[in-house]
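Listed in TrEMBL:
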type: ACT_SITE; residues: Cys126; note: active site, proton donor
type: BINDING; residues: Lys22, Asn23; note: phosphoenolpyruvate binding site
type: BINDING; residues: Arg102, Arg131, Pro132, Val133, Asp134, Leu135, Asp316, Ile338; note: UDP-N-acetyl-alpha-D-glucosamine binding site
type: DOMAIN; residues: 7-417; note: domain 'Enolpyruvate transferase'
type: MOD_RES; residues: Cys126; note: 2-(S-cysteinyl)pyruvic acid O-phosphothioketal
Amino acid sequence: MDKIRITGGQRLNGSIPISGAKNAALPLMIASLLTDETLTLANVPRLSDVSSLSRILSNHGVDRSIAGKRIGQSAETGQTIALTARQIVDTCAPYELVSTMRASFWVIAPILARMGEAKVSLPGGCAIGTRPVDLLLMALEKLGAEIEIENGYALARAPKGLKGAEIVFPKVTVGGTHTALMAAVLAQGTTVIENAAREPEVTDLAACLIKMGAKIEGAGTSRIVVTGVARLGGAHHAVLPDRIETGTYAMAVAMTGGDVLLEGARPDLLQSALDVLVKAGVDVSSTNEGIRVRRNGQALNAVDVDTDPFPGFPTDLQAQFMALMTRAKGTSRIRETIFENRFMHVQELARLGAKIRLDGDAAHVEGVAKLTGAPVMATDLRASVSLVIGGLAAEGDTTINRVYHLDRGFEALEAKLTRCGAVVERISS
């Protein structure tokens, strides 16, 4: 199992190209199941989750070809993928495939919409009623699907097709909104999605579906109206830049000090996070090329933050911001409102010398004068990159174990940090 070793204390200077968003690329790839024509996606990041989803789509009969890297960037960044589902050869997504990544459960919507039935394994570790998968199934039931849970599988049937309906989500759910969109575009009549997720990745999916011939209004607001069509066609679409990767590297620069241009980054995708960095004392500015982040010696201010659905502070940047606040002057409070048990990185940051006290859904972070390198264990995707940020500022060496979590969501992380002066090395077992 690979490890990453970081020798801390180096300022970051230079430029980092921002990859396409993983959280947009995955539902866009799944949308290829809605048509028998080719969907071509540009700026797709090279990640293990993308490879896993490609295997899952192949199981359903999707042909894939890779056209090449993103124009003007290194071989490590970006690729163009052409996906063609001329026939869906299997309406079942088995446990051994779905268990590799949670987002693959979303295939249930396009397969059901196109074929009238779908059988998809429940994601590993999923408890109906406590995680958003129940909201996904609720949306399909509102559209007329019959849902049964049997032997760990969700069986969805709509032999006469899906029918437009009003779907009211009791809480904001990105996965539920993705599912409702992909099911409603081929449903008969009009579907209204209330309390829809406003995340940029939802808007990106809607933009692609519109290119394919869907009729969608209101994406990016809490009320989306979909008028169903008989069929969708092919399209060409570029995945939007990754706002979580952008915020992660911005916080890394804030942590180490330095001056880095985040190439291709869009401030409108994470304005709340950028505003928090400015409050912390970081210089953030927009340019025609991206976002420039600078911190040159001044102390970091402690800032309180609550995670919230877009346009609020992203839960996927909570761990990274906590790492940053370990070096701030004073005590900050970070409240997690989206997910339970999303403080698994706390005990690992403590191994680096962080002082963090947990109180229910809040973490109180007391800034310290220094962090010290240590062996640490990655527990999930975002927690693992918070340890990278901590290691970049720690004195001595930090070794991060189980870095396969990083490979799921960060394209060429070591190369991007190294080009800006970080000392980062992957150690293969």
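Cβ coordinates come from backbone N, Cα and C, glycine included.
Not measured: the values here are computed from a predicted model.
Features as recorded by TrEMBL, highlighted on the structure.
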{"residue": "Lys22", "record": "phosphoenolpyruvate binding site", "Cβ neighbours (10 Å)": "24"}
{"residue": "Asn23", "record": "phosphoenolpyruvate binding site", "Cβ neighbours (10 Å)": "23"}
{"residue": "Arg102", "record": "UDP-N-acetyl-alpha-D-glucosamine binding site", "Cβ neighbours (10 Å)": "18"}
{"residue": "Val133", "record": "UDP-N-acetyl-alpha-D-glucosamine binding site", "Cβ neighbours (10 Å)": "24"}
{"residue": "Asp134", "record": "UDP-N-acetyl-alpha-D-glucosamine binding site", "Cβ neighbours (10 Å)": "16"}
{"residue": "Leu135", "record": "UDP-N-acetyl-alpha-D-glucosamine binding site", "Cβ neighbours (10 Å)": "20"}
{"residue": "Asp316", "record": "UDP-N-acetyl-alpha-D-glucosamine binding site", "Cβ neighbours (10 Å)": "22"}
{"residue": "Ile338", "record": "UDP-N-acetyl-alpha-D-glucosamine binding site", "Cβ neighbours (10 Å)": "19"}
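When secondary structure is read from DSSP and collapsed to three states, Lys22 (phosphoenolpyruvate binding site) falls in the helix class. Spacing of Asn23 (phosphoenolpyruvate binding site) relative to Asp316 (UDP-N-acetyl-alpha-D-glucosamine binding site) is 11 Å (Cα to Cα, whole number).
Mean pLDDT of the predicted structure over the domain 'Enolpyruvate transferase' (7-417): 95. DSSP classifies Asp316 (UDP-N-acetyl-alpha-D-glucosamine binding site) as helix under the three-state reduction.
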